[in-house]
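Copied from Swiss-Prot, the annotated features are:
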BINDING   Q11, E69, S138, G142, T143, G144, N204, N226  GTP binding site
BINDING   E69  Mg(2+) binding site
COMPBIAS  432-447  compositional bias 'Acidic residues'
REGION    427-447  region 'Disordered'
Amino acid sequence: MREIVHLQTGQCGNQIGAAFWQTISGEHGLDGSGVYNGTSDLQLERMNVYFNEASGNKYVPRAVLVDLEPGTMDAVRAGPFGQLFRPDNFVFGQSGAGNNWAKGHYTEGAELVDQVLDVVRREAEACDCLQGFQITHSLGGGTGAGMGTLLISKIREEFPDRMMATFSVVPSPKVSDTVVEPYNATLSVHQLVENSDETFCIDNEALYEICMRTLKLSNPSYGDLNHLVSAVMSGVTTCLRFPGQLNSDLRKLAVNMVPFPRLHFFMVGFAPLTSRGAHSFRAVTVPELTQQMYDPKNMMAASDFRNGRYLTCSAIFRGKVSMKEVEDQMRNVQNKNSAYFVEWIPNNVQTALCSIPPRGLKMSSTFVGNSTSIQELFKRVGDQFTAMFRRKAFLHWYTGEGMDEMEFTEAESNMNDLVHEYQQYQDASISEGEEEYEEEQQLENEE
């Protein structure tokens, strides 16, 4: 079976990761200690994509939990699903990275990284046919951003031909955790552009908006935000965990979604959005799902796709859905919004189906889009980065850990290049676009 090894690093990564495991354990009929008491064989059929089977009908997540301070790990351990994880897979330091990317990437994190890689290796060896890795982390802090990207590059070295998917929480425009967020995020994007195969961008502010606007929660907690993220993660990984007619795995998703290797930053959305505990009291139809799924208010990253164009996108429908209806609706959306799709990639919408809906819903859909408007997000961080870097504000925290200013300049220009690349393909018309696309294809064929 095509297994996936999951890593969660830093406070944010561990909290999102914990929510993810809670969600998929529920979908597979596992209780808080990993014992199976589900109702359907379908829950078991592909259990081993994410779980190892232990003795006594118990299943253990193939997860590695990493942090540079013990706090969040203790919270995960004390949580409702704390007994699920294998105790040896908790790897933590004592010192913390203090929101400093350099500490996570070069000093504190580098000391811990071999220990983590041992655990990763052990998990990878227990797999029949490892498909790839997924990592949850944030880009604004020290551990998730600095050490997370260090782990990604180390795993890349050791498993060059396996997929690397990241669920990355990007800094949001208005809600900021720390002053040095723009530094940490830019340095991280610099790494992700080179080392990740697919990055699902999530941002707290967009999640807040969804909670307040759509779910009518007056003051959403991180629990509510994480619940949304875990719904998307569960949706994106559905096809891997349940048999379906139109299955996709990480690699298929990447092949369909990434037209140029550097442009692999996706926006995600989920429908129907219901608040925790409030299962919907009305039937949802495929047209409604499609409608809500393509709604800009539904995107979990603060960039509006109407300011750019979709290179590619993918929709995953779950539940008892008629194949024909889905195709019709998707065609419908494309015709209605044809201005927002680039015309030089024909059939750039991919659909996958899975017959098992999430808990408490009859049907749902998950949306993954590769839109050029994601550049807004990088632009925003880039502007904040430039403002501080021009004055060399806060730099001593990084140079003190042995970093060089040159590295900052490199990261900045790499991110600016990324923005320009997105812009270039957004402006490309069918005549010039096809030539470039064909050139790319020729180059790839020659390789």
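Using the three backbone atoms N, Cα and C, a Cβ is placed for every residue, glycine included.
Here the binding residues for GTP are Q11, E69, S138, G142, T143, G144, N204, N226. Their largest Cα to Cα distance works out to 23 Å. For T143 (GTP binding site), the Cβ neighbour count at a 10 Å cut-off comes to 35, with all displayed protein chains included. When other Cβ atoms within 10 Å of the Cβ of S138 (GTP binding site) are tallied across all protein chains shown, the result is 30. E69 (GTP binding site) falls outside any helix or strand according to DSSP and counts as coil.
Fewest other C-beta atoms within 10 angstroms, among the binding-site residues Q11, N204, N226, are seen around N226. In this structure, G142 is the one among the binding-site residues G142, G144 with the smallest number of other Cβ atoms inside 10 Å of its Cβ.
For E69 (GTP binding site), the same-chain residues lying six or more positions away in sequence with a CB closer than 8 A to its CB are F92, G93, Q94, S95, G96, A97, T143.
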